[in-house]
Amino acid sequence: MSSRRKRAPPVRVDEEKRQQLHWNMHEDRRNEPIIISDDDEQPCPGSDTSSAHYIILSDSLKEEVAHRDKKRCSKVVSFSKPIEKEETVGIFSPLSVKLNIVISPYHFDNSWKAFLGELTLQLLPAQSLIENFSERSITLMSSESSNQFLIYVHSKGEDVEKQKKEPMSICDKGILVESSFSGEMLEDLGWLQKKRRIKLYQKPEGNHIIKVGIYLLEAGLAKLDFLSDANSRMKKFNQLMKKVMEKLHNSIIPDVLEEDEDDPESEPEGQDIDELYHFVKQTHQQETQSIQVDVQHPALIPVLRPYQREAVNWMLQQECFRSSPATESALHFLWREIVTSEGLKLYYNPYTGCIIREYPNSGPQLLGGILADEMGLGKTVEVLALILTHTRQDVKQDALTLPEGKVVNYFIPSHYFGGKLKKTEIQNIEFEPKEKVQCPPTRVMILTAVKEMNGKKGVSILSIYKYVSSIYRYDVQRNRSLLKRMLKCLIFEGLVKQIKGHGFSGTFTLGKNYKEEDICDKTKKQAVGSPRKIQKETRKSGNKDTDSEYLPSDTSDDDDDPYYYYYKSRRNRSKLRKKLVPSTKKGKSQPFINPDSQGHCPATSDSGITDVAMSKSTCISEFNQEHETEDCAESLNHADSDVPPSNTMSPFNTSDYRFECICGELDQIDRKPRVQCLKCHLWQHAKCVNYDEKNLKIKPFYCPHCLVAMEPVSTRATLIISPSSICHQWVDEINRHVRSSSLRVLVYQGVKKDGFLQPHFLAEQDIVIITYDVLRSELNYVDIPHSNSEDGRRLRNQKRYMAIPSPLVAVEWWRICLDEAQMVECPTVKAAEMAQRLSGINRWCISGTPVQRGLEDLFGLVVFLGIEPYCVKHWWVRLLYRPYCKKNPQHLYSFIAKILWRSAKKDVIDQIQIPPQTEEIHWLHFSPVERHFYHRQHEVCCQDVVVKLRKISDWALKLSSLDRRTVTSILYPLLRLRQACCHPQAVRGEFLPLQKSTMTMEELLTSLQKKCGTECEEAHRQLVCALNGLAGIHIIKGEYALAAELYREVLRSSEEHKGKLKTDSLQRLHATHNLMELLIARHPGIPPTLRDGRLEEEAKQLREHYMSKCNTEVAEAQQALYPVQQTIHELQRKIHSNSPWWLNVIHRAIEFTIDEELVQRVRNEITSNYKQQTGKLSMSEKFRDCRGLQFLLTTQMEELNKCQKLVREAVKNLEGPPSRNVIESATVCHLRPARLPLNCCVFCKADELFTEYESKLFSNTVKGQTAIFEEMIEDEEGLVDDRAPTTTRGLWAISETERSMKAILSFAKSHRFDVEFVDEGSTSMDLFEAWKKEYKLLHEYWMALRNRVSAVDELAMATERLRVRDPREPKPNPPVLHIIEPHEVEQNRIKLLNDKAVATSQLQKKLGQLLYLTNLEKSQDKTSGGVNPEPCPICARQLGKQWAVLTCGHCFCNECISIIIEQYSVGSHRSSIKCAICRQTTSHKEISYVFTSEKANQEEDIPVKGSHSTKVEAVVRTLMKIQLRDPGAKALVFSTWQDVLDIISKALTDNNMEFAQISRVKTFQENLSAFKRDPQINILLLPLHTGSNGLTIIEATHVLLVEPILNPAHELQAIGRVHRIGQTKPTIVHRFLIKATIEERMQAMLKTAERSHTNSSAKHSEASVLTVADLADLFTKETEELE
């Protein structure tokens, strides 16, 4: 009973006390003003806009009401006088803002304003106006009456708005008036005036009426990005202006439902697409076409049918054929014209409330539309007829022709001969031997190298060497000392500075004294000197310097290097010149000098420079300068006579020379012709930009970026965009239907393959065909800024290569056609975005199924067509789709009828004369093995789908309304079941990948038996675990006899299932050991058995058997380690440990002064091709010279040998039988730690030694065990029972020490050191490999020893049973499983009893399935002749050739089964029977009937080789029957999954049937052509998603659908491949369905959906067809049938 005292009953409090207990939150703020935020977007929250509730202001606050704080933009409101008592009990009365509108007298000023309308203020009879009223400002305020207002007249000339302290200087008593506007509307006007969007002016008419003019100010005009601009949420200003305009001009939106925020758009229950198509057809029939043209073009081979002529005529009408588009600028659909009383024209949008001054032009007339003729009616021919009939006449040639007075600069380096010289002519030319080879001076080369290769860390000396060697072909090896001396001089002069390191091992950058002119100025000073002085300096330099400054002569490189000039006699040069005159006339030029990036020319130290007056080319010579000048001038004069000067001049000497090509090559002298952009003057390779030399005087050249930025080039070409699968089909159709040479056709493959095609080249074509894949990829090449433009990236140096933009946007296409246009119906996909960016006159969407999920899909096509305003999503939804959803389809239907043409097969069937199409359904039955597999999958999938569907509350939702991830998740079980109906191996994740081999049914049966056996062992393990646990509970409770009986039950169960199952040996050991302990204790009540004496021996055998595996592993690991250790001893004997070979090599390198090369080689080997570990200092950064390398290697080798010795000793100490101390320490340390491993036992210590040794021997990328557990502690991950690492934690990469040794050995070999050094080094490398092998085997040996100790601990744990914690024993933390609290005993007993019941039931079920599969295997045994000798358990007769198998595995003859079914069926619908042996329930549909006799039906007796699934075998048999009945007939096989097609292809190969398969894009066209043309290939395997769109395969007459297709439009597309115009034979559709599976349910559901949608041709996907309830129904009904 509760200890609380009884309380008194509640008593009603009197009124006075209630008043005392009441608290008013506004009491303390009675006279305090409330600051209400004045947001420009939203009205004041909580305010009531009706005029009936205004707050009367107190006199002290009247002046503050109208005050507007410009900084805070707030409204000041106060509460009225104290609230009455009865009001305090109720809800606080609503607030409202005081009406306060200032109306000024009208005066003329220069500001723009437009008169919108006026409102009338009528004075009451007793009121009158004062004198000069029209010259005064008035304030309109609300009164106590909701229908009347007060006006206050201000002093004359008083500016009420500009006064801040006293804005309402009331000069007289308020005048009562009535307004033509409501109080709410007046409030809106006040808000608009306060925001300075409108202005109110008063104009009295008589003594009793005041007219108030509403004027729109310039700030009230809308600023729109485009005319159809519509924000998803209207601003407050627009909302109020809309109300005002409706009041003034009655501008209510015509015939359109207003937006209802509370009622969002909802998809209609059923969208009848046929109703839309019927409306379109009726509309076109009622129209009279203004154009009737004979569209049968002479170049068109096929004769157009009447419906095709009508379609082409309609398309011509849409393109305004023989009539120009309307030139009058029509008013935009969304806007209305308003003319003010002053004659000013404004334009108002009644949908958004926006007003503008500019005329809203509706834009160009729509040219194009949607051609939606049904599949197979010849849309391709109709488009070709349109292209041939209507060509563009007004092509502007300005962009395609070269402007007057301009010449394209086209330059070819001189070594490139336009025409080849004959061999005899070359022999006649006598060349003198080269006298001298020149190159830039060393200081120029070094400064150029430092400048060009400068980075964040500077330039190393090696980088300078590489640059000088590769660019100038300078002999660095020979002249290294000269380069070093020059570098020291440059550092001393301040032109170069060292930023890192010491000596030449550091890095360098340009110094503070360096200037851009240094390179050329220095060389010019040297070049200006007289030849005599130069020769003198050359002689002084000596032979060594001369050899270092000049490269060795090599005739093979002479012509390739522009820096070396060879000087010949005038006679020989003149002979060569005569041969080269023709090529010079074509625009070729003389040798030139390669400028640097700044346009300067590198000069030579021993040459004079002479500028030729007639050109900018430079002729360089060491002697005879005058003669050379004459030769150069003479040569250029010849060129000038025929070619414009810009073509012959070398561009490299000009200051504005820039070269940047799309090929990415650097600006080096090559033999490729170059061309210059007329706009940005950029030079590029002519071939790279597809500019032909023959167009020099005809076509202008602009670089790709300039072309894209210019106005598009107008052309008469038609761009056709098609799927990849039918791209080549377009070419075939054009070749077949159009006479040769009538059309020029180009298949464009994108800038990746074709490069940048010149727009004038595209403009010369009649048809350009691209694929959607190319179109999608071209989007990446549209908005690429010019690298040197303002939008491009600003780089320190010029970019190496130019990114290529897409040329498609540089052309104004005459016509753009989207074939299979449903691919762009989603306007967010890349292909749709690119299609919208293309510039075109006529736009066409071509699709037999323009509607996929619903009518909202048409929006993507409307966006491509660019039809305003419906190409904006807001207007599409508001004006068309929302009314359609609300049962008002007229607007949408009328709009679509204007842009869409549709001809259906049923309407023109008499014109096309296509033979009929029939359908044949093949109902199949699973084999027993497949049925068992399917039932397993169904059980798992049902559980999965129930769990997922529970998360969805509303099952009436369509799957299309859910997000994609959820839909994929809940459809996945359905997908698995559908795949299981085709082939077990098609189910993902069930078996090995198909690449290995296709599984036969025998292999499937074997796999199922193994799985079932594993499941039986798992169920038996759970049962034994429960029995052992219950025995422990009985021992705790003192019930020893029951415990012994349970242990004996475990041993009996183990013996009973000995032949079928494998019992866990540790569980048997647990039962044997504890039973033996009970018997030794001699507890009363335990009966003896004959087996009691053998328990000790059995326990010993179990222990020995368990330990034998571990002992064997230890012995094998030790045996594998021994030969490797022997090899190591042999290698070590060959190496001199006192004087290592690498030490001798280092000493020799120092002795020969090649130590720097050795150091650099070692560093390169360490740093190259290996990723450095982050946060770790590399070995290459620890030494600078050979002395440091020597010390580092010595230290590391000593540490390596030390770690190696420690690891070997640690492993050696672990050998032998483990002692009790070792086992106990390992148990406490890591086998059974309290929380985290302690790493204190000998095994863990050895593991740390292994980690250390591994970091020395291999690349240090491993992580030790301690570090791993430290991270776990930091992350607070808790227990880590199974997280102890067992092997290495990183990659076994080559260590830096070994790589250094390899580099030293390579250095010794290259410099041919002593052979004994090299041999010893090779032996040392072999020793490293042996050490690594030893490490791996040593670690495996350590693991085997560790596992042996772990096995000993496992045996000790296996004998422990449940026990109660002793009161004196501390509570374990974390809890230990076998130690329980006293109060948990009964709880654990109940849990174990439940586990026992579940495990017993599961074991019985799985054993039945295993027996069932075993009997199935017997039925497939052909050695017995198909006769089962076993007797029937009921009638004892031989089963023979026909019997029945239940799911429990027991077999009965057919007669006994029929009696049991008729007389002894059980269940709610009497649909199940119980086995006569085990009493397990089996559904009637789950009974398998085995027939081993030959089939009597000869028609089905077509042998199919191989063991395949039921469906695959049926498909192959059907294909074989087709060939038997109609040899040569071709068939298409469609499947949703590529894996299923691969399985079918394997079956066809086994049966020697020729076929073609389309699986990859690359072989698509090749395989398709082979199927069409090769009479031996009569089968084509097609995936549904790629092979069902747009293909024309009328060669085939049979279509095989392997599985039911949830998307009816995909099915229509697949069938439409053969049933189309041009087909001359009857076609047959074959469907393959499995009885009593998900396929039967799906077929029934799809038929019902088809009838309910009135055969709608809408394209429904799985998500749009199914609801959540439908999906649940698919599984639940089938489950009921199975049960």
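The first residue you see is number 1, and the count goes up from there.
Just so it is clear, glycine is given a Cβ too, placed from its N, Cα and C backbone atoms.
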Selected residue, Swiss-Prot feature phosphoserine, from candidates S266, S574: S266
Set of same-chain residues at least 6 away whose C-beta sits under 8 angstroms from K379 (ATP binding site): L371, D373, I846, G848
ATP site shell beyond D373, E374, M375, G376, L377, G378, K379, T380, criterion: Cβ within 8 Å of Cβ centroid: E382, G848, S903, R1620, I1621
Listed in sequence order, residues with CB under 8 A of G376 (ATP binding site) and six or more positions away: G848, K905, I912, I914, G1616, H1619, R1620, I1621, Q1623
Rounded mean pLDDT for the residues that make up the domain 'Helicase C-terminal' (1514-1672): 83
Protein Cβ atoms within 10 Å of D373 (ATP binding site), excluding its own: 22
Secondary structure content, the zinc finger (1432-1479) (per DSSP, counts of residues): 10 helix, 14 strand, 24 coil
Count of other CB atoms lying within 10 Å of the CB belonging to L377 (ATP binding site): 26
DSSP-assigned states of the zinc finger (658-709) in counts, ordered helix, strand, coil: 9 helix, 7 strand, 36 coil
Secondary structure of E374 (ATP binding site) (DSSP, helix/strand/coil): coil
Binding-site residues: E374, M375, G378, T380 - member with fewest neighbouring CB atoms within 10 Å: E374
